[in-house]
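As written in TrEMBL, here are the features:
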COILED    87-114  coiled coil
COMPBIAS  1-13  compositional bias 'Acidic residues'
DOMAIN    62-113  domain 'BZIP'
REGION    1-25  region 'Disordered'
Amino acid sequence: MAVTGDETDEETELAPSHMAAATGDMPTYQIRAPTTALPQGVVMAASPGSLHNPQQLAEEATRKRELRLMKNREAAKECRRRKKEYVKCLESRVAVLEVQNKKLIEELETLKDICSPKTD
């Protein structure tokens, strides 16, 4: 059922089952903003009957926030550990490459001395 411009707001706010029963058409839904807003960060529990008052909702939100912060701290700690390990690995690789480079430079100097014509 389509809503036309000459219908009143009351008609457009009927429950979907009433509209379907009245017209025989498929139910039409209207999206409206909620009449009450929860404080930001409060999440409804899976079973609405388990949390009855705002204090319980706030405690649940606080518990979830603490859990999220704890997981974030652990993840950050692990990230720092992996970064430190990565930097150590890079530093050891640099040390090995510096030694290898020094040996190659010495070898090059030796080969230059052997191959260059002596001008005595």
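Each Cβ is built from the backbone N, Cα and C atoms, and glycine gets one as well.
All TrEMBL annotations are machine predictions without curation.
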**Asked** Using DSSP, how many residues of the domain 'BZIP' (62-113) fall into helix, strand and coil, respectively?
**Response** 52 helix, 0 strand, 0 coil
**Message:** Need one number: mean pLDDT over the coiled coil (87-114).
**Reply:** 97
